[in-house]
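According to TrEMBL, the protein carries these features:
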type	residues	note
ACT_SITE	Asp71	active site, proton acceptor
BINDING	Thr10, Gly11, Asn12, Lys13, Gly14, Lys15, Ser72, Phe154, Gly155, Tyr156, Asp157, Lys177, His182, Arg183	substrate binding site
BINDING	Asp71	Mg(2+) binding site
Amino acid sequence: MTLNKIVLATGNKGKVAELADKLSSLNIDVVAQSEFDVPEVAETGTTFIENAIIKARHASKITGLPAIADDSGLEVEALGGAPGIYSARFAGVNANDSDNIDKLLTELGDNPNRTARFWCVLVLMRHADDPTPLICQGVWQGEILTERQGEQGFGYDPVFFSHEMNCSAAMLDKATKNSLSHRGKALTLLLEQLKAL
Ligand SMILES: O=P(O)(O)OP(=O)(O)OP(=O)(O)OC[C@H]1O[C@@H](n2cnc3c(O)ncnc32)[C@H](O)[C@@H]1O
Ligand SMILES: [Mg+2]
């Protein structure tokens, strides 16, 4: 099957930038769902995989195009894995990135266990009823800093310390972050599977 055009089923501009950058190596037209006014869908699953499928199916149904969705989040060891799949709404339904970081830093306090990891699940559905979606996941191990560092990236990046680069994820340019991150790893796997289709 040849894919000529894929919609990115996310409302997060930071994700769009990272995903589009790495997908540009394909000979496929990649468009954000904002181009089609795809409304937000309720993420009612209890796993990243379920939520990614919900988002991909929804965008594919509305646009009639194949869709790639990204469901991701931060797992913090000292918080029993929270915020996990609730990362986007950690500080409440209307929380922004800064509210979520504030809540994270407050909950962790001066706990010496700062171990954390980002998860990313990517799902490609060739059409809304696709019974065999491609599913890839990636993980990025790091630590939670005690204060914000850096201006790049999005979400929890200012407080996520990368051991590889010895700085926060928000201090990395897009290409460097993509070479290390949960999303970059999941994308590498998805690209391999796409090429094999
Ligand atoms: O659902 P969509 O529309 O894709 O956009 P979203 O931002 O709501 O995305 P999620 O539901 O997958 O929630 C992911 C949460 O994890 C955060 N997150 C995911 N990947 C991240 C990354 O690479 N760096 C920093 N934070 C990240 C992100 O900021 C959100 O708070
Ligand atoms: Mg979301």
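Yeah, the Cβs are placed from backbone N, Cα and C, and that goes for glycine too.
On a predicted model such as this, the values are computed, not experimentally measured, just so you know.
All features noted in TrEMBL, drawn onto the structure.
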residue	record	Cβ contacts under 8 Å, 6 or more apart
Thr10	substrate binding site	Val16, Leu19, Ala32, Gln33, Lys55, Ala69, Asp70
Asn12	substrate binding site	Asp70, Phe154, Gly155
Gly14	substrate binding site	Gly153, Phe154, Gly155
Asp71	active site, proton acceptor	Glu43, Gly45, Phe48, Ile49, Asn51, Ala52, Lys55, Ile85, Cys120, Val121, Val123
Ser72	substrate binding site	Lys15, Phe48, Ser87, Phe118, Trp119, Cys120, Val121, His182, Arg183
Asp157	substrate binding site	Gly150, Ser168, Ala169, Ala170, Lys177
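Mapped onto three states, the DSSP output places Gly14 (substrate binding site) in helix. Residue density at His182 (substrate binding site): 24 other Cβ atoms are found within 10 A of its Cβ, drawing on all protein chains shown. In the three-state DSSP scheme, Gly155 (substrate binding site) falls into the coil class.
Within 10 Å of the C-beta atom of Gly155 (substrate binding site) sit 22 other C-beta atoms, taking all shown protein chains into account. With Thr10, Gly11, Asn12, Lys13, Gly14, Lys15, Ser72, Phe154, Gly155, Tyr156, Asp157, Lys177, His182, Arg183 listed as the residues that bind substrate, the site has a largest C-alpha separation of 20 Å.
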